[in-house]
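Feature list (source: TrEMBL):
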TRANSMEM  21-39  transmembrane segment
TRANSMEM  76-98  transmembrane segment
DOMAIN    88-244  domain 'Glycosyltransferase RgtA/B/C/D-like'
TRANSMEM  110-131  transmembrane segment
TRANSMEM  137-158  transmembrane segment
TRANSMEM  165-182  transmembrane segment
TRANSMEM  188-218  transmembrane segment
TRANSMEM  225-244  transmembrane segment
TRANSMEM  342-361  transmembrane segment
TRANSMEM  368-385  transmembrane segment
TRANSMEM  391-410  transmembrane segment
Amino acid sequence: MVETMPARHSEMPNETAHEGAKFRLAAILSLALVLRLTLVGMQLRNTSAAAFFGMATDLGSLSRSVALGHGLSSPFGGSTGASAFLAPGYPVLIGTIFRIFGIDSRNAEIFVMLMQAAFCVAAIALLMLTARRLFDAATANLAGIVCAVSPPILWLPVLFWETSLSTLLLCAMLYLTLLAAAPRRNIAAWLGMGACAGIALLVNPSLLTLIACCFAWATYRTARISFAGPVAGALLCLLLFTPWPVRNLRTMHAFIPLRTNLGYELWQGNRPGADGFFEPNLHPSVDAVQFQEYSMLGEIGYMRRKSELSKAAIRAEPARFLRLTLKRFASFWTGIDKKTSYLLIVYICLTSLLGFSGLYLSRRRSGFTLLLAILALFPLPYYVTHPDGRFRLVLDPILTMLTAYAVTCWRRRTAKLASVTCE
């Protein structure tokens, strides 16, 4: 499919329009910041620091180990040795905050929530810049407003996980990709992509498909100009990321390029008796039997064992695996699971429907192939393991942008039909 890059004059028709877009950007970001600070204040009054840092037990345990000088180790408590169960980025960041403000302290909780609120507001800014470049100012403003008030996105600052930073890195990666793919040489944008990609892999390896799509798309669009940019970006990404697998090889005596948890996640969603979703009561930080098995086998042995069990279950009942996969596919895009509220399910379904409508309407625009590839490839691991609401939240900025484009297109068509009828 041939894509056409919008003409420069259509993006910025005059200085007045540019100033108006800047004003709306500032107003929307102010709204987003006020709402998030209000929510943070409410959460601080109603939740203790222990409850906040207990939302993700493995992240909390790894962060405490880092703060105590033990490195990334013992993700489920106790003293079980080096770990690669999670990528290092967020545990190291939280561990550093613990060192400064105190482990599980109130000050650490306040700082983390405010930091995550800043991540969210920055992500909205980058999303609006991306939407304005791909579509127009009206789409960008509507996307920003929806992100500012959207309940799932609004709650990200008070969720103890890396999701807010993952969302920021996704939005940054998209915007830098558009800059790198411009019809002129832009080494700085490629270096920005490389730095963003390297950090993203250290924070959330699930963003690997997004990174691959962005690099492939931008490289294809600039192939006639120069390969210096893609090479420079890829080298910088490798420079930032390589210390992680090297550390794993030295401390765990195995080649672990990303994380060790795939076998465990596969087992959670496909073990005998599984319903396709994550079962918290079987987490080693909760279940004594699982923790004992993890302690005895070690992390690599435990994950290998879970991988073998899950593959055996899949081979024994392939029809069941297919049924669970379809169930997980539906859950990822509709939000239907064991714990999501009815209103949130309606919101997620609406966002998915309008988002894919916007994707279809954008099929002749620049960036269609990129957005299609990301939406198609990013969820694949969750279809075969288990879906979770926070996994889809990473894609919400893209779906929100496409939803805004769909609504903007329909408003314009309705206005055009109304004017024709009046005439």
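Any Cβ shown, glycine's included, is placed from N, Cα and C.
Long-range contacts of the transmembrane segment (368-385) within the same chain: residues 1, 3, 174, 177, 206-207, 209-210, 212-214, 216-217, 262, 265-266, 268-270, 325, 328-329, 332, 356, 359, 362, 391-392, 394-395, 398-399, 402, each at least 6 residues beyond the stretch ends and with a Cβ under 8 Å from a Cβ of the stretch. Between the transmembrane segment (110-131) and the transmembrane segment (165-182) there are at least 3 Cβ pairs closer than 8 Å, counting only pairs 6 or more residues apart in sequence, which means the two stretches are in contact. Just going by CB pairs under 8 A, the stretch in 76-98, 165-182, 225-244, 342-361, 391-410 that sits most against the transmembrane segment (137-158) is 391-410.
Beyond its flanks by at least six residues, the transmembrane segment (21-39) meets 114, 117, 120-121, 124-125, 128, 132, 137, 140-141, 144-145, 147-149, 154-155, 157-158 of its own chain at Cβ-Cβ distances under 8 Å. Beyond the ends of the transmembrane segment (391-410), by six or more residues, the same chain brings 123-124, 127, 130-131, 134-136, 138-140, 142-143, 146-147, 150, 152-153, 156, 163, 166-167, 170-171, 174, 204, 206-207, 332-333, 335, 348, 351-352, 354-359, 361-362, 371, 374-375, 378-379, 382 to within a C-beta distance below 8 angstroms of the stretch. The transmembrane segment (188-218) and the transmembrane segment (76-98) are in contact, since at least 3 Cβ pairs between them lie under 8 Å (pairs 6 or more apart in sequence). On the 0 to 100 pLDDT scale, the domain 'Glycosyltransferase RgtA/B/C/D-like' (88-244) averages 95 in this prediction.
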